[in-house]
Amino acid sequence: MAPDPWLPLLAAARQLAQDIAEKIQERNRCQRSGESSAKVSVAIRSSLQSLREKIEELRELLLRAVSTRQITQLEGDRRQNLVDDLLTRHKQLEASYRNEGPEPDMTRSSLMAGGVKRGVTNPWLLEESEETRGLGFDELRQQQRRIIEEQDAGLDALSSIISRQKQMGQEIGNELDEQNEIIDDLTNLVENTDDRLRNQTRHVKMVDKKSTSCG
């Protein structure tokens with residue numbers, strides 16, 4: 001099975017978001033101390049654009065993976081939530097860069113460890129579900145394959161049930177056709193018998209009339 005490019009790309013996008021937050025801190029320190037921040041500002045703008053491109057690539061890969069059933073719908077929803085969170089982080093970073101939002105307050109070590117600094121929860125971390133937290137790429141792929149296999153087994157069972165129901169429906173339809181043919185035959189037999197009775201009745205009346213005339 002080919003490696004899943006989505007997970008490494010997500011990790012790279014997260015790391016880039018962390019780097020941008022640190023560059024914004026550095027830019028703000030330069031501005032406060034009166035130093036030139038032009039070089040850092042250029043790097044931030046370029047990194048923000050790169051982060052946006054990575055998010056769009058994550059969206060395209062996710063859409064392709066869901067449409068081709070490379071991942072389950074449940075995993076697709078989980079990944080979509082991660083992309084949405086990452087997009088929110090991008091908007092927050094842009095606001096901080098334009099001095100329209102709070103200054104990111106973290107260091108690289110606290111970001112990478114997922115810890116807390118000075119009692120404030122890190123706003124740049126992306127939370128994962130309990131089922132996948134701590135799993136590596138190979139373990140995630142194995143989990144996805146297992147879920148897909150279980151879904152395929154369920155679909156096979158459902159297909160078998162539908163096939164049996166279809167066969168039963170066809171057999172019932174054939175039985176109804178046979179019953180209808182029997183009813184049609186009975187109807188024809190009754191009509192023919194009724195016609196013969198009418199003919200015999202007319203014949204008897206004619207014989208009786210002739211006998212009376214002769215007498």
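Each Cβ is built from the backbone N, Cα and C atoms, and glycine gets one as well.
Under the heading coiled coil, TrEMBL lists 41-68, 176-203. Annotation comment: TrEMBL describes 145-207 as domain 'T-SNARE coiled-coil homology'.
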Task = Could you pull out which residues elsewhere in the chain have a CB under 8 Å from any CB of the coiled coil (41-68), counting only those six or more residues past its ends?
result = 4-6, 9-10, 12-13, 16-17, 19-20, 23-24, 27, 76, 79-80, 83, 86-87, 90, 93-94, 97
Inquiry  = Within the domain 'T-SNARE coiled-coil homology' (145-207), count helix residues (DSSP H, G, I), strand residues (E, B) and coil residues, in that order.
reply    = 63 helix, 0 strand, 0 coil
